[in-house]
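The region 'Disordered' annotation in Swiss-Prot covers 1-177, 227-260, 293-316. Swiss-Prot lists 10-30, 142-160, 227-259, 301-316 with the feature compositional bias 'Basic and acidic residues'. Per Swiss-Prot, compositional bias 'Acidic residues' is recorded for 48-76. The compositional bias 'Basic residues' annotation in Swiss-Prot covers 88-97. Per Swiss-Prot, the feature coiled coil maps to 218-260.
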Amino acid sequence: MELSGRKRKAAFDPERRVKVRRRDVEKADAWEPPSEDEQDARSSSPAEESDQGQEEDDVDEEDEEESGASEPEDDREAQLSFGARLRLSQKRQKPKPKGSTEQDPSDAQEPSWRGREARQGNAKTVSKAAASASAPGRKTKSAPEEMSSKRPVSRYREVVKPPPNARPKPRDVRFEQELTGEDYQRFRRNYAFLDEYRNDEMAKLREIIARKKGVTPADREDAKLKLRKMEDEKRSQDRKDREHELMREHKKKEKELVKQGKKPFFLKKSEQKKLLLMDKYAGMSKGQVDKAIEKKRKKVAGKEKKQLPFARRAME
């Protein structure tokens, strides 16, 4: 007869008699019917127990799935070589990107003020990254500037961008070069008092030059230089005023002709110079015109002479 280590199971006999224990009998005698409150509590408890039991079953199933999924992974990792396992662990321990907003478990253990500072820093970096992505610019200092194609291109190119909160600097229109048409006429009307100041100053300088006593030679020479400079400025200003006056008269005549049904005629730069030259010589005598022409000829000849190359020495 062979003996096995396993115990034999008893055969199931439905007519088998079981002896009743004494303590079971005592419990049955001591049983009392439950009260109404207990019955209400029991009637509500099965639903709660079923919910709790269902939740526990779900948790157990999730744990079993995780453990079942992790066991094959552990078996696969155990079969890998040491180098492969090292690379896999390094890949898992890679740092998070700067723009990621996921919270590490170590951050939860830090004090509240540290976590607040870290969140503020992350928000600042994210806002800076968003601003740099939205605002066009240049990748490097030598690269061309990138502009958004969704914004309309301005007619005027901004060479120097002013700071965002900069106030406009005051300008002196007397030194503005681009004054034409009505702007120039308005400027001359608004600053007509400057001509009076200049005339008064020129009269005082002439008095200083004509005075024989109480003026040193150095002061007299200084007054002569100032007077010559102011006279040149006045002549150039008068010439400029005359040019604007001639162009205004020409435009006025053309407007009258256009009203009569004729086509407008616009002067070219060369024709404007001829018109100004004719007006300049119209108020001169014959001798003054000859002197002006000779002076102009010498000036042009001097410029041409400067442009000529130096004469080469001949070989002996």
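One-based numbering along the chain as shown.
Glycine is treated like the rest: Cβ placed from N, Cα and C.
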Check: Under DSSP, the compositional bias 'Basic and acidic residues' (301-316) has how many residues in helix, strand and coil?
Finding: 7 helix, 0 strand, 9 coil
Notebook entry, point to check: Can you tell me how the residues of the compositional bias 'Basic and acidic residues' (227-259) break down into helix, strand and coil by DSSP?
Noted result: 33 helix, 0 strand, 0 coil
